[in-house]
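Structure in structure tokens, see below.
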């Protein structure tokens, strides 16, 4: 009998609960890089309109377009969490994963030498923890089958911001 596989998780983002404090960015960069380096954070908060903060991270698409686009197989899927994992030694920073991603989530921070994508911190995302501790709860771990709707969440930050601004302000920009 094979080892039991953990149910796959993803991070549900509720932008209207985001204060824009960016503790998630700080915590993520400390967890992954050992320093405060928001540019290398696997989650980013965008404020394209005043007062509308949009946390943005990988939704772990079930068809993994970024993984499939990588010419060097630097991206793989963690068997336990279903998260995309980057092999920094194989990454040639070509940007194929960025182009393939519907949300344009992967980034190549200056000085990093490889792409960064959310790996769900091995199943215990630190950004979700700090957001909860700060009392915002804009980020939440969810499980289950979201295949029918995942493209709803896999949008670029500008598109998400425009959607929210239309709802808040009731007009097009």
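Just so you know, the numbers here start at 1 and follow the chain as drawn.
Cβ coordinates are placed from backbone N, Cα and C, and glycine is handled just like the others.
As annotated in Swiss-Prot:
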type    : residues          : note
BINDING : 18, 21, 24, 131   : [4Fe-4S] cluster 1 binding site
BINDING : 28, 118, 121, 127 : [4Fe-4S] cluster 2 binding site
BINDING : 58, 61, 66, 101   : [4Fe-4S] cluster 3 binding site
BINDING : 70, 91, 94, 97    : [4Fe-4S] cluster 4 binding site
DOMAIN  : 9-40              : domain '4Fe-4S ferredoxin-type 1'
DOMAIN  : 48-80             : domain '4Fe-4S ferredoxin-type 2'
DOMAIN  : 82-111            : domain '4Fe-4S ferredoxin-type 3'
What is the interatomic distance between the Cα atoms of residue 97 ([4Fe-4S] cluster 4 binding site) and residue 66 ([4Fe-4S] cluster 3 binding site), given in whole Å?
4
For the domain '4Fe-4S ferredoxin-type 1' (9-40), find every same-chain residue at least 6 residues outside the stretch whose CB is under 8 Å from a CB in it, and list them.
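Here the qualifying positions are 47, 52-57, 59-60, 81-82, 107, 109-110, 112, 116, 118, 120-121, 123, 125-131, 134, 136-143, 146, 153, 160, 164.
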I'd like to know which of the binding-site residues 21, 118, 121, 131 sit within 10 A of residue 58 ([4Fe-4S] cluster 3 binding site) at the Cα level.
118
Show, in sequence order, which residues other than 58, 61, 66, 101 on the same chain lie with their Cβ within 8 Å of the centre of the Cβ atoms of the [4Fe-4S] cluster 3 site.
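These residues sit around the [4Fe-4S] cluster 3 site: 59, 60, 64, 65, 67, 84, 97, 100, 102, 103, 105, 106, 117, 154.
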Pop the mean pLDDT for the domain '4Fe-4S ferredoxin-type 1' (9-40) in here, whole number is fine.
94
Taking the Cβ of residue 66 ([4Fe-4S] cluster 3 binding site) as centre, how many other Cβ atoms lie within 10 Å?
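Here the count is 24.
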List, in sequence order, the same-chain residues at least six positions removed whose CB sits under 8 Å from that of residue 28 ([4Fe-4S] cluster 2 binding site)?
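Looking at Cβ-Cβ distances below 8 Å from residue 28 ([4Fe-4S] cluster 2 binding site), excluding near sequence neighbours, one finds 41, 42, 43, 126, 127.
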Would you mind listing, in sequence order, the residues at least six apart from residue 121 ([4Fe-4S] cluster 2 binding site) in the same chain with a Cβ closer than 8 Å to its Cβ?
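In sequence order, the residues whose Cβ lies under 8 Å from that of residue 121 ([4Fe-4S] cluster 2 binding site) (at least 6 apart) are 31.
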Taking DSSP states H, G and I as helix and E and B as strand, how many residues of the domain '4Fe-4S ferredoxin-type 1' (9-40) are helix, strand and coil?
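Result for the domain '4Fe-4S ferredoxin-type 1' (9-40), in helix, strand, coil order: 17 helix, 5 strand, 10 coil.
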As a quick check of your reading of DSSP, tell me how many residues in the domain '4Fe-4S ferredoxin-type 2' (48-80) are helical, how many are strand and how many are coil.
5 helix, 10 strand, 18 coil
In whole Å, how far is residue 24 ([4Fe-4S] cluster 1 binding site) from residue 94 ([4Fe-4S] cluster 4 binding site) when you measure between their Cα atoms?
27
Name, in the order they occur in the sequence, the residues of the same chain whose CB lies under 8 A from the CB of residue 21 ([4Fe-4S] cluster 1 binding site) and which sit 6 or more residues away.
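Those within reach of residue 21 ([4Fe-4S] cluster 1 binding site), by Cβ under 8 Å and sequence separation of 6 or more, are 134, 136.
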Any idea what DSSP makes of residue 101 ([4Fe-4S] cluster 3 binding site), helix, strand or coil?
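The three-state answer is coil.
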